[in-house]
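Asks: I'd like to ask you about the structure that follows.
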């Protein structure tokens, strides 16, 4: 384990290409979302209250407490409504609406999407179970007989049952036991079926749903929710595609930083129209054979300038290895920027920057946003010296900002007994932890350990920020 203090002299190598000794201009910063959490909660609450209010108005609650077949039927109705609302909320989040993404970050939206998906799929399964059970009680037939009867004689039920099966398949594909056995292509296309899944379910909702049939207000309300979701998804996707095409970016340089780590710089005529902030990331889609169909998330490893956008990439799979082999001049579609992992969230308070492996890249970029007297504390965790990418730049920036650099180098087995991210060590390195904001980027295990240690050292939960690579 090493602790490096600021040195007297460092060669200044702080960001990408320069023209002579002139530092290139910074790109405009991403606009900050003015959305407040209470506003999001208010919208969700209104949607839930109105939708469940329709169920209540139609006698849903009185049926629920009546017992017998009435209770079963009511449970089928309410689980169906919960499943449908969950599907609409989930699709809205995956469309990455800018007002939400700029406020919470894409990783947070995807975590929320995952939680909503679990509730939605559970509600779908329960809805099928209770609806079929209610039919079997009403028709005095077996459960299987009732299911067949629904499929054969009720309109849109074949589509609805197909939708339910697809919901379950999509959910299973994201279960970690199965996810690691699937190729990304299979997983990706299964999730694209989510749009079809919601569409297939819509028909039986408006033609068979007892809460919508015969109630003009309820029908208009539900169609308005569905239409709003479609508009949000289309608007978000069309905007993303239009921006990516208009930027006309290409690879300007590719360099190797270590055996399996490289840096790619993009530039082009449209770069001046990009708004981005150090710490954010983009979804990169190289227009090269075998790579064009899939976008990959990469963080900026230097503050964005008019000279280019710099990304440092670790070869973790076949695609990332191929990306590091692409030639200068290759066209690239760039979606984003995404993420709220920026110094703006610190509200002017001094920073603690902690990075591990490729997570060092956004930490390096955020350093450029620290003021000259910010005194940042930087902690880098690497298994060996070759993993410490852009070391000289980080040392130079730390010196310029009057900060301190701590390097934890060595295998986990060697460092674990010392508990480097325990409260004792963190208090020694960050004596004013309560007055700082921490930005952590690395594996989930490291983020968990550091966050726990920082809270024990006196830092509030609201002062700890993450960039999650494994959501």
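Just so it is clear, glycine is given a Cβ too, placed from its N, Cα and C backbone atoms.
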Asks: In TrEMBL, which of 13-34, 35-56 is labelled transmembrane segment?
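Replies: When 13-34, 35-56 are checked in TrEMBL, transmembrane segment belongs to 35-56.
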Asks: Between the candidate ranges 156-175, 256-275, where does TrEMBL place the transmembrane segment annotation?
Replies: 156-175
Asks: Looking only at residues six or more beyond either end of the transmembrane segment (156-175), which have a C-beta under 8 A from one in the stretch?
Replies: 114, 117-118, 120-121, 124-125, 127-128, 150, 182, 186-187, 190-191, 193-194, 196-198, 200-201, 203-204, 207-208
Asks: Can the transmembrane segment (187-207) be said to touch the transmembrane segment (35-56) if we require at least 3 CB pairs below 8 Å and skip pairs under 6 apart in sequence?
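Replies: Answer no, regions not in contact.
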Asks: With the transmembrane segment (219-238) as the reference, find which of 35-56, 76-95, 116-136 contributes the most Cβ pairs under 8 Å.
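Replies: Checked against 35-56, 76-95, 116-136; highest Cβ contact count belongs to 76-95.
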Asks: Which whole number is the mean pLDDT over the domain 'FAD-binding FR-type' (244-344)?
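Replies: Mean per-residue confidence for the domain 'FAD-binding FR-type' (244-344): 89 out of 100.
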